[in-house]
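I have placed the structure first, in the form of structure tokens, so that the comments after it can refer back to it.
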Amino acid sequence: MGRAGTGTGGEAVAAVVAGPLLLLLLARPPPASAGYSGKSEVGLVSEHFSQAPQRLSFYSWYGSARLFRFRVPPDAVLLRWLLQVSRESGAACTDAEITVHFRSGAPPVINPLGTSFPDDTAVQPSFQVGVPLSTTPRSNASVNVSHPAPGDWFVAAHLPPSSQKIELKGLAPTCAYVFQPELLVTRVVEISIMEPDVPLPQTLLSHPSYLKVFVPDYTRELLLELRDCVSNGSLGCPVRLTVGPVTLPSNFQKVLTCTGAPWPCRLLLPSPPWDRWLQVTAESLVGPLGTVAFSAVAALTACRPRSVTIQPLLQSSQNQSFNASSGLLSPSPDHQDLGRSGRVDRSPFCLTNYPVTREDMDVVSVHFQPLDRVSVRVCSDTPSVMRLRLNTGMDSGGSLTISLRANKTEMRNETVVVACVNAASPFLGFNTSLNCTTAFFQGYPLSLSAWSRRANLIIPYPETDNWYLSLQLMCPENAEDCEQAVVHVETTLYLVPCLNDCGPYGQCLLLRRHSYLYASCSCKAGWRGWSCTDNSTAQTVAQQRAATLLLTLSNLMFLAPIAVSVRRFFLVEASVYAYTMFFSTFYHACDQPGEAVLCILSYDTLQYCDFLGSGAAIWVTILCMARLKTVLKYVLFLLGTLVIAMSLQLDRRGMWNMLGPCLFAFVIMASMWAYRCGHRRQCYPTSWQRWAFYLLPGVSMASVGIAIYTSMMTSDNYYYTHSIWHILLAGSAALLLPPPDQPAEPWACSQKFPCHYQICKNDREELYAVT
């Protein structure tokens, strides 16, 4: 069967030597353990695929993983993945292990956080490998997959889960981890085609023989048989057959070893995948010097479908347009040829086809329903089958939801409706087994009874293929009770981007990798999981309201600097503080998830105004402390605010958006204070009370607030630490505002309007002079 192996290397085979390494891989023959030898190189060709590297992120949700999509050609016999990882050299770079997930047909369903999935969700663990980065800044790993399934293969890579710490962009040193996968495909070009019921002679030497057989629609069974086996190196028939492809994470590839097996050697495959080529590899087990001769025969058992008549429906809906799965309406001439060339099942019918309408509603959003828009009739003689076409290549990025509901009046205590959901081919063996297993796929079972008339199934990221829903009526206690029984089942079949739109505590986001689109949920308020349904760390409604009140009411602390500014006639500064208080309050009221939400404007507008107000408040406070000339101060107020607005438009979360203007304002303030100290030959401000009761407490509050804002905030304590930041910022502004200008002396010159008299103070004598 297919193997997946890993290997790690050091700096000598790092990303910088990826080109020479791939040339060596191209020149080297496949390993002998995979069943290949140098003589088989004549019939094998190699192809190389690569994608641009991407910077990895620490995992917090599915959007943190970097997704790569590769197209594997048909007749591939070996995949060699070269996984290259590199990092920057610096103190910020630590040892880490990159996790790489693989899946065939759809993006891998991963769960690094160990969260729970919604009820009725079918999840298969992903196949993954780890690439450590410890002593060297570069590392690589290789993964081999023999006999891979053709079509789309997806690779997802990510760093370990994040620490949930909120860091300012540009403040803390960062480390870039870069990942690049490359794919080397070995495919066979010399392959023999097996025709149904026609023996195909084969002679095996030291290299394997590659065969393939086409399985058309409505094939119930495929029988592979080895006949007339002759070997000169051992007794019996030393041949190993490998049938079918490898699909990670699950693998149902069949391996038949005929040594010592009953003669003739046979392999029966129920419900093989329809409408595709099935690859068969024959290998000799006698060693390099022995030969084995045999004849391979493929026998197909045709399935006669009973089709639901839809002509009256089509005639009554001529003005409507449907995209129907017409392949399920009636047997085509090809199906009749299959019956003549293969074997026809003796029963009159093996399944009942129900035509299905596919309605494309939006991106990764499809609605399936029976063409007659009524329920499906389920009986006991044959399965009722519905085909869901999810083979466009763009349908694997959502979630397939299936909901069944049985008619209450028709369900009796002794009857059970059994359903199976399978890809590639329907499950038809309800009379012999209920495990929903076809030749190369483990299906998903559902059941309806008188006690449970509803059944649901959710398949995240379904594989690109035709999916089939099979239903049949069963009577476990007495089969005769089901002979005349009929149950109508209502089906609700959807492909949705996100289940329930991620609920009230999540947001469904559409992600893109080149032209491929897929969806995922981003959760809030402590909710986690695939659809934001895991409440193990969730906040209660009371906690959400308390958090909202903390973040909004803490802005009332800005009333203190507003009052101080008005009292000291700093009206422009008071206006800036009022603006900051207003938009910070309503931004945080809109930023909350769940029920405690209030948005008076769009979220983006509120966020921009909040960031602008915060930067402008710090800017005007520092400039006000500089005690500039009135005209110059207001000019700098305006210019600084315009610069902050421009920088926020360029990068809203950049650290230098606020730090740059604030440092410039601090330089102006320090220069003015130094000038006054030199001019007056004493410390400025001159009053020790000003230093002790205003400046030092204000600077201390601002320093503590900056420390909390830059180094202590996490996703868990954000509501408390950010509220403290609001209080400290507003309190420091109230303390740092300078006192008003000194009032005019009684004898200072003042202009009397409108009489145009000027009263002046005489420095030599206390007399008034009227001019």
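The count begins at 1 with the first shown residue.
Glycine too: its Cβ is placed from the backbone N, Cα and C atoms.
Annotated features in Swiss-Prot:
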SIGNAL    1-34  signal peptide
CARBOHYD  Asn144  N-linked glycosylation site
REGION    322-343  region 'Disordered'
COMPBIAS  334-343  compositional bias 'Basic and acidic residues'
CARBOHYD  Asn407  N-linked glycosylation site
CARBOHYD  Asn431  N-linked glycosylation site
DISULFID  Cys498-Cys508  disulfide bond
DISULFID  Cys502-Cys521  disulfide bond
DISULFID  Cys523-Cys532  disulfide bond
TRANSMEM  546-566  transmembrane segment
TRANSMEM  569-589  transmembrane segment
TRANSMEM  606-626  transmembrane segment
TRANSMEM  630-650  transmembrane segment
TRANSMEM  654-674  transmembrane segment
TOPO_DOM  675-690  topological domain 'Cytoplasmic'
TRANSMEM  691-711  transmembrane segment
TRANSMEM  718-738  transmembrane segment
TOPO_DOM  739-771  topological domain 'Cytoplasmic'
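Neighbour density for Cys523 (disulfide bond): within 10 A of its CB lie 24 other CB atoms from the protein chains shown. Here Cys502 (disulfide bond) comes close to Cys508, Cys521, Ser522, Cys523, Ser531, Cys532: these same-chain residues lie at least six apart in sequence, with C-beta atoms under 8 angstroms from its C-beta.
Mapped onto DSSP classes, the topological domain 'Cytoplasmic' (675-690) shows 9 helix, 0 strand, 7 coil. Across the structure, Asn144 (N-linked glycosylation site) and Asn431 (N-linked glycosylation site) place their CA atoms 39 angstrom apart.
Tertiary proximity for the transmembrane segment (606-626) is limited to same-chain residues at least six positions away from its ends with a CB under 8 Å from its CB atoms, namely 561, 570, 572-573, 576-577, 579-580, 582-584, 586-588, 590-591, 599-600, 633, 636-637, 640-641, 644-645, 648, 652, 657-658, 661-662, 665-666, 668-669, 672-673, 729, 733, 736-738. Where the transmembrane segment (569-589) meets the stretches 630-650, 654-674, 691-711, 718-738, the count of C-beta pairs under 8 angstroms peaks at 718-738. DSSP classifies Cys521 (disulfide bond) as strand under the three-state reduction.
Long-range contacts of the topological domain 'Cytoplasmic' (675-690) within the same chain: residues 738-739, each at least 6 residues beyond the stretch ends and with a Cβ under 8 Å from a Cβ of the stretch. Between the candidate glycosylation sites, Asn144, Asn407, Asn431, the densest Cβ environment within 10 Å is the one around Asn144. Counting other Cβ atoms within 10 Å of each Cβ, the lowest count among the disulfide-bonded residues Cys498, Cys508, Cys521, Cys532 belongs to Cys508.
Rounded to a whole number, the distance between the Cα atoms of Asn431 (N-linked glycosylation site) and Asn407 (N-linked glycosylation site) is 23 Å. Rounded to a whole number, the distance between the Cα atoms of Cys498 (disulfide bond) and Asn431 (N-linked glycosylation site) is 36 Å.
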